[in-house]
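Visitor: Sharing a structure with you now.
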Amino acid sequence: MERKPLEVESKDNHQQNPSSALYGGSATAVDEDVLHHKQVVFRGWKVMPFIIGNETFEKLGIIGTLSNLLVYLTAVFNMKSITAATIINAFSGTINFGTFVAAFLCDTYFGRYKTLSVAVIACFLGSFVILLTAAVPQLHPAPCLGTAVDTLCNGPSGGQIAFLLMGLGFLVVGAGGIRPCNLAFGADQFNPKSESGKRGIDSFFNWYFFTFTFAQILSLTLVVYIQSNVSWTIGLTIPAVLMFLACLIFFAGDKLYVKIKASGSPLASIAQVIAVAIKKRGVKPVQQPWLNLYNYYPPKYANSKLKYTDQFRFLDKAAIMTPKDKLELDGKPADPWKLCTMQQVEEVKCIVRVLPIWFASSIYYLTITQQMTYPVFQALQSDRRLGSGGFVIPAATYVVFLMTGMTIFIVVYDRLLVPTMRRITGLDTGITLLQRIGTGIFFATASLIVSGFVEERRRTFALTKPTLGMAPRKGEISSMSAMWLIPQLSLAGIAEAFAAIGQMEFYYKQFPENMRSFAGSIFYVGGGVSSYLGSFLIATVHRMTQTSSGGNWLAEDLNKGRLDLFYFMIAGLLAVNFVYFLVMSRWYRYKGSDDEMTTYETNEDIIKQQDKNVA
């Protein structure tokens, strides 16, 4: 049990206008349940059953609702494939980019706990509304009759579409709020000043993603099977019930959480630095800027006090004090749009430094985007029979091997590799965060190369050996076992275990403390950028190769296409990106701090008494 003295925001301070994280009140405070103590109890792993339990059920609920949504829209709502795909793409993109809006509201106005409270309820309402569209006959079109789909299928009415979109809207609010805040909220429960707290945060990131992939595996197998083969109503009831359980578990820990309040808009401080640096672009740079730049820390300022760095020195001019600049009696600038502090400048530098790494990480996600789609098409034209009983594995189920590879390797990494590397390197994390991300990009590139060779083998079998029949609307089924897809998917899963978790932890630790929800949001925005980039590449390759002498690389019938060349092309792009990442990693400087390590009192009797008071 750990606890850390933390100054608490008073009601008077809370009334101030939070126009900036640096000026206008406390940068960090806790909610009402700890106002009577002047200290915060970091319970760490003791509250993880509530947070990880909520995360598991919430992911089971959301993924269980969304993973089969494309099939649901075409099978139950009688939508055309292109219409359903357009809705899904718009919905997914809105969620990914909506995380940025949610992060802004979270860090500026509401704080993570309140944002998550609204988000988990919205997710439950969204799941429940989607369930009603299946359970109530009046909320979806009548089933198609006969085989003449075009003449005997009635599309959804305007009211049915509106009700469906209302459910999707709730899910956008819920998922958009949960994604950037949930991970940061869990990390808030650990004391970042103690060694045990730091190790707890490192391990929490691994176990967070473990539960995420575990939920995906269950949703993509059991829940999808029930929806597709038993009943849509039953299959959608399961996610709704799980989301309700997620709400109960989350609110059960209400009095035990560390709840960090919103600090005011961090974007205002960023804008001030950029604006003042532009205004003062003609000012002569100062000698020894680490000594001569203006600096000031407001009372109760909770962000790490940063050392001066000599990168992006044009921003330093925002903290150069001229005769025209005035100070108030307490030492802070009279006008923060005319003079900024060195601390503000360094916080902006932290964000700017992260952007090249974020760009490389967004390109990395091209691998995951492709491995979540094209292996399904490969499986459709491969031998999916299992054993001699005639059981055929659904094509979409093969994606589970990516999740399984990630899930298993997370445990291996956390329990075996990290302790081993810790003894070698002396680092608490075993290897640096950038080394972890870079290793993930390497495995992602290897996954694409293996994918190309496996597809070349599948296509060769289909063209030179007896086939197993025809795949509907595709082509002949290769006699190559679909189990050959497992290596490429497992490598992609290992890549995720390195890169995805490394990215989230990297953003969390390198962003200023009052922007940690933003740090979570750019992880998902990067995935959204990658999805759009992947769609652009597919459309471009399709357009440029469909009239070429070699034929369309991405033909509907993979036996007539050259998907292997497409894989190799993406692998080449990832290889270039890997070199770029190495250059940027060498240039990168981790966020430093002048704060001294503090030893915190850990008297168990005091903590137990505080627990009783909180309860």
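We number each residue from 1, going along the chain as drawn.
Any Cβ shown, glycine's included, is placed from N, Cα and C.
According to TrEMBL, the record shows the following:
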REGION    1-24  region 'Disordered'
COMPBIAS  1-14  compositional bias 'Basic and acidic residues'
TRANSMEM  60-79  transmembrane segment
TRANSMEM  85-106  transmembrane segment
TRANSMEM  118-140  transmembrane segment
TRANSMEM  160-185  transmembrane segment
TRANSMEM  205-226  transmembrane segment
TRANSMEM  232-253  transmembrane segment
TRANSMEM  350-368  transmembrane segment
TRANSMEM  388-413  transmembrane segment
TRANSMEM  433-454  transmembrane segment
TRANSMEM  482-501  transmembrane segment
TRANSMEM  522-545  transmembrane segment
TRANSMEM  565-583  transmembrane segment
Visitor: Do we see three or more Cβ pairs under 8 Å linking the transmembrane segment (205-226) and the transmembrane segment (350-368), pairs being at least 6 apart in sequence?
Guide: no
Visitor: Find the member of 85-106, 160-185, 482-501, 522-545, 565-583 that has more C-beta pairs under 8 Å to the transmembrane segment (118-140) than any other listed stretch.
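Guide: Looking at each of 85-106, 160-185, 482-501, 522-545, 565-583 in turn, the most contacts to the transmembrane segment (118-140) are made by 160-185.
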Visitor: When you look at the transmembrane segment (433-454) alongside the transmembrane segment (85-106), do they share 3+ Cβ pairs under 8 Å, ignoring any pair fewer than 6 residues apart in sequence?
Guide: no
Visitor: Under 8 Å between C-beta atoms and at least six residues away from its ends: which parts of the chain pack against the transmembrane segment (433-454)?
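Guide: Same-chain contacts beyond the flanks: 357, 360-361, 364, 367-368, 370-371, 374-375, 378, 484-485, 487-489, 491-492, 494-503, 505-506, 509, 564-565, 567-568, 570-571, 574-575, 577-578, 581-582, 585, 588.
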Visitor: Below 8 angstroms Cβ to Cβ, which residues of this chain, lying six or more residues outside the transmembrane segment (160-185), approach it?
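Guide: Contacts of the transmembrane segment (160-185) (Cβ under 8 Å, skipping residues fewer than 6 from its ends): 51, 54-55, 58, 62, 65-66, 77, 87, 91, 94-95, 98-103, 106, 112-113, 115-116, 118-130, 132-133, 139-141, 205, 208, 257, 504, 508, 516-521, 523-524.
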Visitor: Does the chain bring the transmembrane segment (565-583) near the transmembrane segment (482-501), so that three or more CB pairs sit under 8 Å (pairs 6 or more apart in sequence)?
Guide: no
Visitor: Based on Cβ pairs under 8 Å, which of the stretches 60-79, 350-368, 482-501, 522-545 lies most in contact with the transmembrane segment (232-253)?
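Guide: Answer is 60-79, with the largest number of Cβ pairs below 8 Å.
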Visitor: What same-chain residues lie close to the transmembrane segment (482-501): Cβ under 8 Å, and 6 or more beyond its ends?
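Guide: Cβ under 8 Å, 6 or more out: 205-206, 208-209, 213, 361, 364, 367-368, 371, 375, 378-379, 382-384, 393, 395, 398-399, 401-410, 413, 436-437, 439-444, 446-448, 450-451, 454, 457-458.
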